[in-house]
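Visitor: Per TrEMBL, the feature active site, nucleophile maps to 2. TrEMBL lists 605 with the feature active site, for Fru-6P isomerization activity. Feature annotation from TrEMBL assigns domain 'Glutamine amidotransferase type-2' to 2-219. Marked as domain 'SIS' by TrEMBL: 287-427, 459-600.
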Ligand code: G6P
């Protein structure tokens with residue numbers, strides 16, 4: 001989703017801004033732009049639709065020098081993908097603005113500003129920020145005050161950086177609902193929506209808090225809270241372990257990330273699990289007391305993370321004997337819900353910045369949950385900072401928009417949470433032993449599972465000309481079927497739906513024909529016989545099936561049913577193992593279809609607007 005980079009320095013900052021934008025490309029965007037203030041008092045602005053490279057080429061051709069600058073990758077919300085809608089937006093050749101988020105009252109503001117004589121040159125909500133700030137400057141305020149007065153007029157979400165041609169020594173930034181981080185350099189300072197953008201220039205960051213407005217010059221950062229009071233915010237040394245790096249010889253980041261799963265799952269288990277079970281305090285010191293009291297878990301997430309939460313519900317109820325609710329964050333935040341006694345709120349997120357998940361956490365704080373835990377992949381992210389407890393997955397930077405390694409590390413984390421809560425709620429020694437054995441075997445089992453990749457490549461050929469597909473699973477494999485369907489639609493653009501196979505008769509059977517491949521996830525568990533009956537129902541109606549199964553499940557392949565054997569594993573880790581072949585299937589289908597695998601159309605990696 002939209003990305004922001006800004007800099008105030010003594011040197012020309014255009015390369016820093018462009019490098020920052022490249023590092024944010026993975027988030028998904030459709031146009032890019034840059035504006036710099038030079039010493040002659042002009043605004044050098046260039047914008048392009050398409051990839052950041054188009055902008056880089058334009059800068060090489062036209063030049064855009066300047067020691068103070070802002071840059072942006074836009075993911076269209078208000079107004080189509082055009083150069084005139086790309087950021088930065090300007091007002092009266094004086095103010096330039098980049099913005100993430102949505103100004104919800106932009107129509108009212110637009111009317112008011114138009115009546116005051118401002119000409120709009122885009123269809124965006126963002127342009128109202130530029131003109132509002134300009135109008136406040138005209139009333140005699142300095143840039144900082146003008147921004148403070150302006151944000152008081154905005155409803156909605158914003159992370160915004162504003163500069164004034166008449167004062168090139170500074171930028172003013174404001175955060176409400178969309179993250180912003182200030183990077184501290186020596187005699188130069190930077191701003192970004194994601195610390196990843198600034199890692200080549202600094203590792204010292206200040207994460208702005210909700211309602212903060214800050215004035216950033218080369219030597220000074222002045223921060224004011226939502227009441228306009230000066231505040232000090234902590235300086236944090238970035239713990240982001242490694243950079244996105246390159247593709248390490250893989251054709252796409254997604255394939256690299258699929259193959260990293262054995263390693264990152266091993267990293268997620270490291271120093272947390274020994275041969276007896278969980279090591280002490282892995283959820284933090286205060287967790288010991290809290291987890292002992294938990295009687296209900298409410299999980300909130302979006303997208304792939306939601307599927308991890310759905311799987312966790314099966315585990316928490318089956319093994320840890322606590323009731324568990326799971327809800328999509330955008331639903332949870334807008335309905336009245338009932339909080340159970342001794343209820344733990346668990347948010348789950350790769351990025352830690354998903355707007356709806358963050359809003360749900362903030363809402364939950366007022367609802368009376370006993371405590372909040374986030375399972376998250378990005379240290380220092382908003383969810384980590386705002387939750388009572390944080391458990392970090394160690395997936396490393398995930399660049400592919402379609403989440404892969406983040407998901408399997410989230411599931412690994414949830415199995416550990418199941419052990420921790422189950423310990424106080426009658427987890428049986430057999431179940432504990434099975435989960436611990438399963439977790440210890442997991443990295444090796446994932447490696448073994450990746451070896452079936454070639455067979456899946458062949459299979460993908462049969463999907464490439466299909467328009468629809470159906471994924472079936474039962475029990476804790478139902479969310480895995482959902483995740484498989486999500487992966488396929490995200491990167492191959494084939495319509496994919498997932499059903500708990502017991503639901504087949506209640507509708508989807510009507511869709512079955514030989515043009516609709518049916519993908520079945522079938523480990524050898526207690527629901528196998530029921531699943532086999534569902535498979536027969538599909539076969540009887542001429543469906544073509546692709547069954548991912550344990551070899552002991554005894555599926556016999558024929559012309560209507562391809563069987564792909566998946567390594568045998570402990571039941572508790574089967575959802576994690578069966579995820580891999582479905583990821584690979586989507587990847588190879590997308591490859592054949594020639595889609596943009598790492599940055600699929602219309603999608604964003606980190607959804608920072610609701
Ligand atoms: C976007 C991404 C998905 C991700 C979802 C939730 O839609 O494209 O891959 O699962 O956001 O993101 P989170 O960072 O909260 O896990």
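Every residue, even glycine, has its Cβ placed from backbone N, Cα and C.
Please treat TrEMBL annotations as automatic predictions, because they have not gone through curation.
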Visitor: In the domain 'SIS' (287-427), how many residues does DSSP put in helix, strand and coil?
Guide: 61 helix, 29 strand, 51 coil
Visitor: Other than its own, how many Cβ atoms are within 10 Å of the Cβ belonging to the residue listed as 'active site, nucleophile'?
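Guide: Excluding its own Cβ, the residue listed as 'active site, nucleophile' sees 27 Cβ atoms within 10 Å.
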Visitor: How many whole Å apart are the CA atoms of residue 2 (active site, nucleophile) and the residue listed as 'active site, for Fru-6P isomerization activity'?
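Guide: Computed Cα spacing between residue 2 (active site, nucleophile) and the residue listed as 'active site, for Fru-6P isomerization activity' is 10 Å.
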Visitor: Are there any residues in the same chain, six or more apart in sequence, whose C-beta is under 8 angstroms from the C-beta of residue 605 (active site, for Fru-6P isomerization activity), and if so which?
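Guide: Correct list: 1, 26, 27, 28, 351, 398, 399, 401.
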Visitor: If you average pLDDT over the domain 'SIS' (459-600), what do you get?
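Guide: On average, pLDDT over the domain 'SIS' (459-600) sits at 92.
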Visitor: Summarise the domain 'SIS' (459-600) by DSSP state, stating how many residues are helix, strand and coil.
Guide: 68 helix, 30 strand, 44 coil
